[in-house]
Each structure stands twice: as structure tokens, then as C-alpha cells.
């Protein structure tokens, strides 16, 4: 099967984990930012996580270098454009990218400037390539909560004009959902769709809470519903899709090896699953790679692929018009 040629949808990808290494060097030189090396191989090695990290925290350390050059409007716009360009070149037809505006204020940018720059980069790529996209605004669970509503307010001006959803991301502690109920409710009032990182690090109860307390329509990763019957049943009952990211799950030790990833069991059991990259640079992957790995490891057919593709379309936060165009590609 020609995996490159398949139309693809990626619903879970982080902007700051998907930066071209050469762009880090270029922007650092333009911005007078000190980086450890001018050698692209060394920069790449600092950005790409090992095949298996000790834990999620070691994986998340790989984001410090790209964030150092994502503190200007020009830097954010370029990186946004290049990510959509890279995806378009491997036949990703619809792409939801997420990022945390709170992480881009080190040089004084406003949330409006940050969000606007990301959206502009995406729109520049949409005008040049056969790709459509949207942004998801991620709040980092470990950061100060004082400006969460400010992020929501700034993004509200871009709702359905490049921004569609609200997310909680970063290190996952048991029971985190309770702390964020008022913020998620505020986002829902403003018109945001909701996806939540949960069940990545062994806590199935977090998935149950994300759906029951926060109204999550999709769950980032969610693989640990496998050991939590209540969460498993709720996800099926509510038709909540899991945004699975196979390579990333192995790197962060959420799963030990791909053959033990629950994605096929979920698929066969009627759980709605999607295949995604998570971080193209940090995980050293593409959608083509992720699809190939899953298809070959679990012996899935072309029909299986397009069944998963249709779930991705239906569970996306795209407009009905875009969804209709995407579904035509599966006929």
C-alpha cells in the first residue's frame, strides 16, 4: 500500500514539538538567541526524544529549544506555516494543531498577537496547498491559572476563523480535572469545542473525569481506559474519540512496545480511534510513518484505514462544509 498517497487527517499535533531543526538555527540567528550549536545534526539530536524516555517529563524537555525562538510574531508565523506545509506534502488534508499561548510571552507578546501569528501561518499554507486546518488552544496544567480566561478571551475572536477548541495539556496528575471545571465551562460558554489530554500516563479515571466533568468531546491519548471499565464504557457510550499517538506513547513509556498498544483492541471493540503524530520533530515521525506502523503491526486493511479516516473526519472540529469535502476522499 502506498501510505504516502493516502489522504490523511491529524487531529493531535503540537506546534512546538514539530519545528524544523534548520528553522531553529535560522530564527536563533535572526533573533540573537543563544542556542547550543549551529550544527543541524546536533540541534536535531537535542530536539528528537530517545526511542524510549525515562518518563513523560524527559520527553517534554525537548520543547525548551523550539520555544526559545517562538517568542516573536514572525517566528510563530513561520513555524506555523512550515508545519502545515510539511503536512500538506505528505497528503494530510485536514490538520488540527495545538499550542499553549502561555508559553510564548517571554518577550512580551500579547495573547492576541500569539494566536493571530499562528493562524496567519496556517492560512498562508492553506492558500498555497491542498490542506485545511484549525488551531486548538492548550492550557498547561502546571502553569499559573491566573490568565487562563485571558487566553480563552483572546482566542474567542478567532473562533471558527482558525481557532476551534480548548485543551488541557502537560504533565498529567491524578484528579486534575476537578481544578479546571470553571475554566472549561467558560470556554464552552464562549463557543469552544473541548478536547483534553487524559489517560496518557496510566490514570483511566482522568479520562472518565475529562468526559463526565469537563465535557470532553475527544480525549488526547486516552489509552489507559484499557484498565478502567467505567472510562472505557463512558467513552463508547458518549462516542468520544481517542486521539492515539502510537510512536509518542512508546517514547513516553505509556506503552512498552507497539505490539502492546491497545489501538487495535479499541478499534475492534468499537471505541472510536484516530491516528495522529503528537510531535513530528520530538517523535521524529510523520502521519505517513504513523499510519504505516499501525497498519503493518496490526495487519489492518485499506477498508480499516478508511473506517478510521471517516472517524477522524466525523470527530474533527472542522466545519460541515470541510467535512463533506474530506469524506469524498474516502469514497
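Glycine residues also receive a Cβ, built from the backbone N, Cα and C atoms like all the rest.
Keep in mind that what you see is a predicted model, and the values were worked out from it rather than measured.
Taking the Cβ of residue 197 (Zn(2+) binding site) as reference, residues of its chain lying under 8 Å away and at least six apart in sequence are, in sequence order, 167, 168, 169, 170, 172, 219, 220, 221. According to Swiss-Prot, the Zn(2+) binding site annotation covers 12, 14, 197, 278.
Here Swiss-Prot flags 14, 16, 170 as substrate binding site. In the shown protein chains, 28 other C-beta atoms lie within 10 A of the C-beta of residue 14 (Zn(2+) binding site).
The Cβ neighbour count for residue 200 (active site, proton donor), using a 10 Å radius over every protein chain in view, is 24. Residue 200 (active site, proton donor) falls outside any helix or strand according to DSSP and counts as coil. The active site, proton donor feature in Swiss-Prot is assigned to 200.
Mapped onto three states, the DSSP output places residue 221 (site 'Important for catalytic activity') in strand. Residue 221 (site 'Important for catalytic activity') counts 26 other C-beta atoms within 10 Å of its own C-beta, drawing on all protein chains shown. Here Swiss-Prot flags 221 as site 'Important for catalytic activity', drawing on sequence analysis.
Using the Cβ center of 12, 14, 197, 278 for Zn(2+), the list of other same-chain residues with Cβ within 8 Å runs, in sequence order, 13, 17, 98, 169, 220, 221, 243, 245, 248, 276, 279. Around residue 278 (Zn(2+) binding site), the same-chain residues at least 6 positions away in sequence with a Cβ under 8 Å from its Cβ are 12, 13, 14, 17, 245, 247, 248, 285.
Secondary structure at residue 16 (substrate binding site), taken from DSSP and collapsed to helix, strand or coil, is helix. Distance from the CA of residue 16 (substrate binding site) to the CA of residue 200 (active site, proton donor) is 19 Å. Within 8 Å of the centroid of the Cβ atoms of 14, 16, 170, where the record puts substrate, the same chain has further Cβ atoms from 15, 17, 60, 63, 98, 99, 100, 103, 138, 140, 169, 279.
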